[in-house]
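Noted in TrEMBL for the protein shown:
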DOMAIN    1-107  domain 'PH'
DOMAIN    117-152  domain 'EF-hand'
DOMAIN    153-188  domain 'EF-hand'
DOMAIN    461-577  domain 'PI-PLC Y-box'
DOMAIN    577-705  domain 'C2'
Amino acid sequence: MLVGTVMRKIKSRTWKKQRYFKLQDDCMTIWYKSKKAGNATSTFSVSDVEAVREGHQSEVLLSIADEFPPERCFTLVFRSRRGNLDLVAESAEEAQSWIRGMRKLIENLENMGEREKLDQWIGDWFRKADKNNDGRMNFREVRDLLKMMNVDMNEHHAHRLFTMADKSQSGTLEDDEFVLFYKMLTQREDVLRVFQEYSGDGQKLSQNDLEDFLREEQLEGSDTQQHAKQLIERYEPSDTAKLLNAMTFDGFLMYLGSTEGSIFNPRRRGVYQDMSQPLCHYFISSSHNTYLMEDQLRGQSSVEGYIRALNRGCRCVEVDCWDGANGEPIVYHGHTLTSKILFKDVVSAVGKYAFKVSEYPVILSIENHCGVEQQRVMAQHLNHILGDKLLKSTLDGKAPIRLPSPERLFDRSTLYLPLPQSRRSPVFSFSSPTWFLGNSNVLVSCLFMPQKSKQRLSKELSDCVVYCKSVHFSSFKHSRIHSKFYEVASFTESKARKQLREAGAEFVHHNSRQLTRVYPSGFRTDSSNFNPQEMWNVGCQIVALNFQTAGEGMDLNDGLFSQNGHCGYVLKPSFMREAEKRFDPEIPQKLDGYKPVTLSIQVISGQQLPKVNIKEDSIVDPLVRVEIHGVPMDNAKQETRYIENNGFNPVWYDTLRFTIHAPGLAVVRFVVEDYDKTSKNDFVGQYTLPFSCMQQGYRHIHLLSRDGTVIPPSSLFVHIRIAGLE
């Protein structure tokens, strides 16, 4: 890889071009030469690559399978919504060198400590700024670098730091001198102030000092003595300090920048919830038109949409099926110009990726427009490809009395066939009640969309559906009297919104017993998303979003499902599961045990915020907005003031306060924007998490991009306090 390799970059059957790829000396950057813009070269970072797939594991490589053998082919899968890179090496040996090499580099990155990641990041900037590649930087190069890094610094101050760091007095900074310069530049006065407040001698935190800090500031009540010992062992870089059972400022800074020092409670990261309750008691991460990579009219359909959704913890994917050529059902957005993919390829992707991120059930929501013949083909593919992973009968062979739990459906897929809401109900030929389940049970749910009146559902496809019969919704009163627990109603967002406004408490009660699916309006041709929070407020479980579209809707979805092992299932609050509670999201104060809380957030500082404007002289003017998303009474937004020309280490010390009436449903979103007085602010970064997963005290918030991927080392430093109202 360091020597470099010529490989073919493949975009389609007809677009196959040779490119020279080489791993740079930093072992972090891949450089490649393209003829697209003359003799232009491009680079990408190893940290941008999420996975390496061997062989024909993409639609593009499958399309040229007859031309190049699988052992010469591989795919680099990038994080977020960036397209994959499909490559063909000249030999199987060269392909393996790159496959093994990339996987090793990715593994090394994942195993890096916080200090190593920061050193790596500093080194990347050094190489970017060292224009003549002599391993040194003069003051002019350093000044240009500061602008690249989002710092508008007084030139006199910058020169003073430069001179202090230039230990060799050569007028230039070498690698280690630049690291020293960076550390002086990034001196964390905000953290130093906290450190010195708890340090007995101003130089270190004794174990007792650290225990006081954990107890009084971080509000960690249980066994702070043991925890203090662990933190010193884990984060203190000085062996001398470790021997004294003490923590230096460097160790304290590393702890606060770590996972344990983040705003997200690490005890909520793994699966911590009761997974033995019926499916209707959980919010389920759900995708709409999963096959689409872009808009709903002309966008590309791709198996990659399913792979990406499943790899993000999605547990309900949608498949729109139509009769295709040669007797093979196809998947696409019917009556539009979106491209078409084979149903069997979708099922293969589900079989391969359904349980890599989560072992809890996957629901296949099949919108069926196929005739009986191709329905039989669909059933064959489901049975043949998914095999034992497809749930084909009730779990114990008996007629169940309630929906099964995610735990019992471990590693199964379930099929669900939804019904259209706006048409005459079709004729069904179910041999038994249709159900909906998932995981190694893939649950299949079918939405039967007849093109001709009296078109029937084939017995073979019907037999694939267990635990979820799709029904037309007439009213909550009708459901309360007549509905069975396995019946599922689907609503467009507008119909769901009408119901929740007119009868919110009834909707909550309905969803304590049955599953409800909500999907975006057909007018959202750009694949935009509605706000899922209002649907969660009434307990709707399957709130389907366009996963391919970044923005507030997906931030909230990612935030809610970031807890509980990222397994795609989140247990609803108890007042939404117990039918007798009668929770009304419009008036949460009427709930038994009503306990509002106050949330106080002091936004202290920001660190290394990304540049949003590519103009060299442009520096970010950052502000932080905190948003509470929950029941209507809780929805609120507050902002800090903006800091002029400093995206590198802005300091606010601004305090924002909120009252939260239904904390069990609240989601908190932090947004950083570049203030602009003449036009709309530019997005800089965000972080979203459930209120119930917030840690109190001094915490760092590690910012995410618009696509939901990490932007190291960008962060916010905050102080959190939560208090119950009297």
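Placed from the backbone N, Cα and C atoms, the Cβ positions cover glycine too.
Sequence-distant contacts of the domain 'EF-hand' (153-188) (same chain, at least 6 residues past either end, Cβ-Cβ under 8 Å): 119, 122-123, 126, 135-139, 142-143, 146, 253, 605, 607, 648-649.
Mean pLDDT for the domain 'EF-hand' (117-152) in this predicted model: 77. Taken residue by residue, the domain 'C2' (577-705) breaks down under DSSP into 13 helix, 60 strand, 56 coil.
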